[in-house]
Amino acid sequence: MENSSDFNATVPLISAEALRAQIVQNPLQACWSWSTAHVCNYLLGIIISICGNVLISVSLNIQKYSHVRQAQRASKPYYTSGMWWSGVVLMGVGELGNFAAYGFAPASLIAPLGCVSVIASAVISVVFLKETVRASDVVGGSLAITGTYLLVTFAPHASTHITAHLVQYYAISWHFLLYLFIEVILFCILLYLYKRRGVKHIVIVMLLVALLASLTVISVKAVSGMITESITSQLQLIYPIFYVMLVVMVASCAFQIKFLNQAMKMFDATEVVPINFVFFTASAIVAGIIFYQEFEGLALLNIFMFLFGCLLSFIGVFLIARNRPKIKQQDRTFIPMDKIPGRRNTDKVQPEAKTQTYGSLAAKLMCNRAGQTDD
């Protein structure tokens with residue numbers, strides 16, 4: 001295993017005395033070099049992440065509007081619409097922006113900023129899709145914006161320069177190996193309950209997604225950081241750890257999308273969206289703390305206010321996504337009896353299409369008619 005001093009050599013550090021002397025000699029150059037290495041990268045990551053999340057929300061609403069318009073016209077499939085493809089392109093650009101943001105800012109900050117997408121989507125739905133503004137939307141948006149402000153203010157501002165040697169050093173550290181072992185055990189238990197025992201609870205599925213998302217965040221930040229380091233400083237793509245992280249990123253994303261699709265089929269989006277945001281953010285913060293040690297040296301007040309900002313964002317997203325209008329198709333297999341004039345029965349009777357009298361439905365009507373005749 002490499003010595004930790006070798007890894008520290010890859011990250012240029014400057015003492016307080018040296019920085020003070022440099023400021024006295026050439027204040028403009030000293031302040032510029034310090035802000036470029038710390039503040040500018042931090043702000044750049046935040047701006048890229050916010051813009052990426054806004055683009056994702058715009059793309060989702062464009063695709064939604066395209067689906068509604070194509071359904072009204074009932075002429076061509078949705079994938080033949082130029083508007084739908086523009087939404088897909090915007091989503092790709094937004095996801096690319098989120099990917100790039102991990103190379104400039106801590107993962108524990110970029111992941112909670114996903115609430116910006118929920119806020120922007122709610123605003124766009126009200127302004128352009130003419131959806132009704134609810135009191136919970138206003139309160140939830142206010143809480144989410146307040147939480148985002150606290151996240152940006154009290155999150156760890158220093159982001160480590162990600163290099164191949166540093167990622168390799170973190171990957172074989174004992175605390176990450178212990179964390180990975182516990183995560184694998186939990187994933188196997190949840191997968192057994194979900195697949196073998198047939199436990200189709202939303203918490204089970206979302207925990208599977210969150211455990212995969214933890215690996216996704218670690219690998220995405222590693223790949224993005226090494227690409228950024230290759231562009232700005234020294235080439236990192238020649239090391240095998242880059243391609244290991246790339247494979248982990250692609251595999252974890254693929255399985256994460258698979259379980260998310262299954263959750264969307266079994267449960268409503270108003271349940272999946274807030275739970276997934278909470279679990280994904282929590283797993284990303286834990287991954288940043290354990291793997292990249294992002295909270296090391298952070299003041300206790302900053303940690304408390306950061307977690308409080310996460311809590312406000314969670315509550316805000318829950319209020320925005322709660323009781324959203326549901327679009328469900330009526331079950332055509334059953335005929336509701338309350339739709340028949342003069343019938344008070346609210347049961348659903350399944351007709352038997354193979355018989356001329358439609359079986360149980362005709363029998364039900366005949367029984368009711370006989371009862372009325374006897375009266």
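Just so you know, glycine gets a Cβ as well, placed from its N, Cα and C.
Note: TrEMBL annotation is automatic and uncurated.
Since this is a predicted model, take the numbers as computed values, not measurements.
Listed features, source TrEMBL:
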type     : residues : note
TRANSMEM : 42-62    : transmembrane segment
TRANSMEM : 83-104   : transmembrane segment
TRANSMEM : 110-129  : transmembrane segment
TRANSMEM : 138-156  : transmembrane segment
TRANSMEM : 176-194  : transmembrane segment
TRANSMEM : 201-220  : transmembrane segment
TRANSMEM : 240-260  : transmembrane segment
TRANSMEM : 272-292  : transmembrane segment
TRANSMEM : 298-321  : transmembrane segment
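For the transmembrane segment (110-129), the list of distant contacts is 45-46, 49-50, 53-54, 56-58, 60-61, 64-65, 98, 101-102, 137, 140-141, 144-145, 147-148, 151, 217, 273, 277, 280-281, 284-285, 288, 309-310, 313, 316-317, 320-321: same-chain residues at least six beyond its ends, Cβ to Cβ under 8 Å. Distant neighbours of the transmembrane segment (83-104): 41-42, 44-46, 48-49, 51-56, 58-63, 65-67, 69-70, 110, 159, 162, 217, 220-221, 224-225, 227-229; these residues of the same chain sit at least 6 beyond its ends, with a Cβ under 8 Å from one of its Cβ atoms.
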